[in-house]
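Below you'll find the structure, written out as structure tokens, and then a few comments.
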Amino acid sequence: MKNRGMRQRLGFAWEGIAAAWRNERSFRIQTIFALALPVALLLLRVSAVWWALCLIIALLVLAAELFNTALESLIDHLHPEIHPAIGTAKDCAAGAVLLLSAGAVIVGVIVVLVALGVLS
Ligand SMILES: Nc1ncnc2c1ncn2[C@@H]1O[C@H](COP(=O)(O)OP(=O)(O)OP(=O)(O)O)[C@@H](O)[C@H]1O
């Protein structure tokens, strides 16, 4: 399974994203927010730095959600039984998504305040 071509690797990565879209409601919601983001940034008329910051944090949230989904999928397959350690692992993964989502909300509020001239 090693040393596959770039096209095949991209296909695997795309399949992972598509699987998360099919199976995870939260990933679908986050993706819709990320797709709406460029429209919001165009309307707010913010600088390139704000574009970069907002797009990076939106992609980080999506990436964290994919890691969370990967971990859940792996754990549920390898160890379907209840165990406190599994609970901790899943809670930590969910916590990582929560922290990045909170960061995205904070950046979103700041960029709106900057666009409105409340902050500089
Ligand atoms: N096998 C397990 N053993 C112990 N606790 C578990 C186990 N599976 C789930 N849990 C607990 O239940 C919580 C929710 O688990 P679940 O797998 O439903 O994740 P979820 O984030 O709700 O999933 P999804 O993102 O698919 O909605 C976990 O964060 C964990 O606290």
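Along the chain as shown, the residues are counted starting at 1.
Placed from the backbone N, Cα and C atoms, the Cβ positions cover glycine too.
Feature annotation from TrEMBL assigns active site, proton acceptor to Glu65. Around the Cβ of Glu65 (active site, proton acceptor), 24 further Cβ atoms fall within 10 Å across all displayed protein chains.
Within 10 Å of the C-beta atom of Glu72 (divalent metal cation binding site) sit 17 other C-beta atoms, taking all shown protein chains into account. Following the DSSP three-state reduction, the secondary structure of Glu72 (divalent metal cation binding site) is helix. Residues or ranges marked as divalent metal cation binding site in TrEMBL: Glu24, Glu72.
Its Cβ placed at the centre, Ile82 (ATP binding site) has 7 other Cβ atoms within 10 Å. Positions annotated as ATP binding site by TrEMBL: Glu24, Glu72, Glu81, Ile82, His83, Lys90, Asp91.
DSSP assigns Glu65 (active site, proton acceptor) to a helical segment in the three-state reduction. The feature substrate binding site is assigned by TrEMBL to Glu65.
The transmembrane segment annotation in TrEMBL covers 50-71 (among others).
The transmembrane segment annotation in TrEMBL covers 92-119 (among others).
Inclusion criterion for the recorded positions Glu65, Glu81, Ile82, Asp91: a C-alpha placed within 10 angstroms of the C-alpha of Glu24 (divalent metal cation binding site); this criterion is met by Glu65.
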